[in-house]
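Summarising the annotation, TrEMBL assigns ATP binding site to F87, G88, S89, D100, I101, D102, D154, K215, Y224, G233, V234. The feature Mg(2+) 2 binding site is assigned by TrEMBL to D100, D102, D154. Summarising the annotation, TrEMBL assigns Mg(2+) 1 binding site to D100, D102. If you look up TrEMBL, you'll see 539-552 marked as compositional bias 'Basic and acidic residues'. For 557-571, the entry in TrEMBL reads compositional bias 'Polar residues'. The domain 'Poly(A) polymerase nucleotidyltransferase' feature in TrEMBL is assigned to 8-201. Under the heading domain 'Poly(A) polymerase central', TrEMBL lists 206-351. Residues or ranges marked as domain 'Poly(A) polymerase RNA-binding' in TrEMBL: 353-531. The region 'Disordered' annotation in TrEMBL covers 525-571.
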Amino acid sequence: MNYQKVYGITGPVSVAGPTAPENKLNDALIQELKKEGSFESEADTAKRVQILKTLQELAQKFVYQVSKNKNMSDGMAKDAGGKIFTFGSYKLGVHGPGSDIDTLVVVPKHVLREDFFTVFDALLRERPELDEIAPVPDAFVPVIKIKFSGISIDLLCARLDVAQVPVTMTLSDKNLLRNLDEKDLRALNGTRVTDEILELVPKTSVFRIALRAVKIWANRRGIYGNVFGFPGGVAWAMLVARICQLYPNACSAVILNRFFKIYSEWKWPQPVVLKPIEDGPLQVRVWNPKIYAQDRSHRMPVITPAYPSMCATHNISESTKNVILGEFDRGIKITNEIFSNKKNWSDLFNKHDFFHKYKFYLTVAVTTKGDDEQHLKWTGLVESKLRLLILKLEALPGINIAHPFPALFGTTYIYKDNKDVENILQNYGSHKTENRLQNLVKITDDNKDDESVKDKPTMYLTTMYIGLDVNVENKKEKVDIHVPCAEYFNLCRNFNEEFQDNDVFSLIIRYVKLYDLPDEVYDENEARPIKKKRSKRAKGAEDDNGTKRPKSDAGSIESSSTTAIGQTAAA
């Protein structure tokens, strides 16, 4: 009698292996992933291994130095250890060229978080391989962001309540979580979840190919990014892992087809879980909708397998849920046609149509007159609160969907005086007026090191877009979006005293019609949407130069050195 291990909380849907046609489609999928640049070269992989080896040496040196500073003997200081763990796409084995490495430094109890941001920071700065470094000690999960030998790395730190951290240590024991503060628990969570996912899938090679395909698909279709209300990397990994559990012997091509079929029919908010939710030794909250009202509000819950279990998709709104479900429906239609040999895998990965789809868009433009570090902080805050604006907008009568685009568009200008600043604030972000900025110098990768732009006053701009599906019964009615925009504006502006400086930080929220979207949102060879020709009678309403003020500029909420909140924005 054949015995097969059961993965997950239910038995498999099918234990059938792949057929010859399915294997052929799987080979075609792998070839398409190679064409899409999903895999990195052996040399680049070896480079990452060497970098992690160097970081392991630095982690041990860091713990040794702190131990010696606390009057430990040489032997005790060496035995204190210190270990580097990885998580995210690198640990899952689905990283590609240019991917960063998520890294965790685990230290014993006598090494403090302050030591990480002083002693370890100093050790990193001594290394010739270091290209960039940005410590962020006040983040939700404190982090040192570095670029090391050309590769971006996020370094977290977690302090365990143990005297030694040997290189043989694993983080699977729940008792290691005792007596830790919340920041240490959050830092450890990424590694523990990644390790559990890999243990809970039947065939890691099948899982990895399927996940690579899902990551490319989700990025191309504009539905990847936790902060914007879409699943992030870990959530997509758990969604793929669950399908692998249900079809333990299938090839990646079949997993991909079943992925779309099952999730397009899933009875949300039924949660996706990889194993039974566990209790543990800590007095911490574990995801439980029977007890917590907040957990009952999660629309598409995907639950992490490592204790304490949490919802990785709590940011999903009603609007983003509808967008995701629409993409699942598209995915099952295309993969069915691929299995019928009517389409190719490249059709699945076709680019989104976000900037062709809606009649109205809301633009959230973040600007900073200062340095790039100030702008990163300001942009990070506005971006992290964007989902609250989405929730406010979709609650308005007349708005069916408030669809955020999960990527940022950035530009940097040199300015001479306040006249240039006003010119940028007034004209940036609209196709009709962006040509008025042509006389200003834009900083690019090509000229950023030129003497002509060094030490000149710079204005950083980052723009986020929200597509609005507006539906009013009476076409003369207007949807007033001023109140939610004003509330969001005030939330961002008043979050931190630093950001109340109008001379440095600016936030402009305005709506733009489809045909007024700026050129930056379209690829070089992508055609802009073309406005249908209007009748002569309608044309006569404009002057000969067609300079009638566009309705999309009629209202905005903005902040600059001279303006606080503008007119009502209406769509």
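The backbone N, Cα and C atoms fix where each Cβ goes, and this holds for glycine too.
Taking the binding-site residues D100, D102, D154 in turn and counting surrounding C-beta atoms within 10 angstroms, the largest count is reached at D102. Spatially close to Y224 (ATP binding site) yet at least six residues away along the chain are K215, A218, F230, P231, G232, G233, W236, P406, judged by Cβ distances under 8 angstroms. Shown in sequence order, D102, T103, L104, G190, T191, V193, T194, D195 are the residues of the chain, 6+ apart in sequence, with a C-beta less than 8 angstroms from the C-beta of F87 (ATP binding site). Close to V234 (ATP binding site) in the fold, though at least 6 residues off in sequence, lie G88, G190, V193, T194, I197, T304, A312, each with a CB less than 8 Å from its CB. Neighbours of the Mg(2+) 2 site: apart from D100, D102, D154, residues of the same chain with C-beta atoms within 8 angstroms of the site's C-beta centroid are G88, Y90, I101, T103, S152, I153, L155.
Note on S89 (ATP binding site): other Cβ atoms within 10 Å of its Cβ, all shown chains, come to 21.
This prediction places the mean pLDDT of the domain 'Poly(A) polymerase nucleotidyltransferase' (8-201) at 94.
Around the Cβ of I101 (ATP binding site), the number of neighbouring Cβ atoms within 10 Å comes to 23. Largest Cα to Cα distance within the recorded ATP binders F87, G88, S89, D100, I101, D102, D154, K215, Y224, G233, V234: about 20 Å as a whole number.
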